[in-house]
Amino acid sequence: MSASQGSKNTNAEPWGGFDDNIIQGTGSAVIDMENMDDTSGSSFEDVGEMHQRMREEEEVTAEAAATEEDNGEYGEFLGMKGLKGQLGRQVADEVWQAGKRQASKAFNLYANIDILRPYFDVEPIQVRNRLVESLIPVRMINFPQKVAGELYGPMMLVFTLVAILLHGMKTSGTVIREGTLMGTAIGTGFGYWLGVSSFIYFLAYLCNAQITMLQMLSLLGYGLFGHCVVLFITYNVHFHSLFYLLWMVIGGLSTLRMVAVLISRTVGQTPRLILCGSLAALHMLFLLYLHFAYHKMVEGILDTLEGPNIPPIQRVARDVPVVASAVVNATVKSIAAIVQSQQL
């Protein structure tokens, strides 16, 4: 039994070692099979693509390095010429990009012109009615009065005011180049419209008035209708009394219209007084300025053309006695000389 067991043990030891090798081998084989099972055919394709991509990146890197070496050698060979060439290409690229951006901005601006269309989409009969209403003060101030949110009528009135100012400059004899006359008239008209509208809107914001900037531009623009009427008449008919009458009636009506609208949209006595008083003072004083800015020159031209206020008869009457006495003295002297010659 012992011999048989010994033989069995001697036989078992090499087989045990062989079994260990088999187990180790099978262990490694199992691990490899699991990895092979986990990786599908697409994984092998991805690995191939990865190797291809790495190869392409290496080629691109090699080409870039070669290009840099060539550029370095070319730049060293050309010196300042190569540097100037590179700067020229960079400047040309920047100019091209800047022009491209400007062209795209111009195209976008032209495409966005339709944004302003609602502010100028108005019928002529509506403009006529609003011009008439600008001289009729509203009576109901308990609720906010409606203000048209359009800019066609106000802008046309500003251009009309510019034309009237040019007419006044020409009749007053202002000797300035035409471009300066036009620029002064446009600056005066649009400066008052935009500047006073912004200032009154700022005061309205401080006084908590319910009015927008667009409504303020429309309200003040239509308020210039009275100014246009008064200036057109008084620039052609030079009478102080007529101007003051039109200033009080027409200018006052247009101012009262705007004041009534602002009162209906403002709460509180003090805010109403500040807001409406500022607007009324600026609007009425602006009309006085536009009239008297060239009034002195007009009077000087009229005095030059018509002469001084002294009647010509009085001037002749003062000169007549002097002339008569001189003639009489000359006649007496001539007669005395003739008499003396006859006596001799």
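Note that Cβ sites are derived from N, Cα and C of the backbone, with glycine treated the same way.
Placement of Phe239 and Gln340 with respect to the membrane, taken from Swiss-Prot, is on a common side. When Cβ-Cβ distances under 8 Å to the transmembrane segment (273-293) are tallied for each of 147-167, 186-206, 213-233, the top count falls to 186-206. Secondary structure of the topological domain 'Cytoplasmic' (264-272) per DSSP (helix as H, G, I; strand as E, B; remaining residues coil): 5 helix, 0 strand, 4 coil. Helix first, then strand, then coil: DSSP counts for the topological domain 'Cytoplasmic' (207-212) stand at 0 helix, 0 strand, 6 coil.
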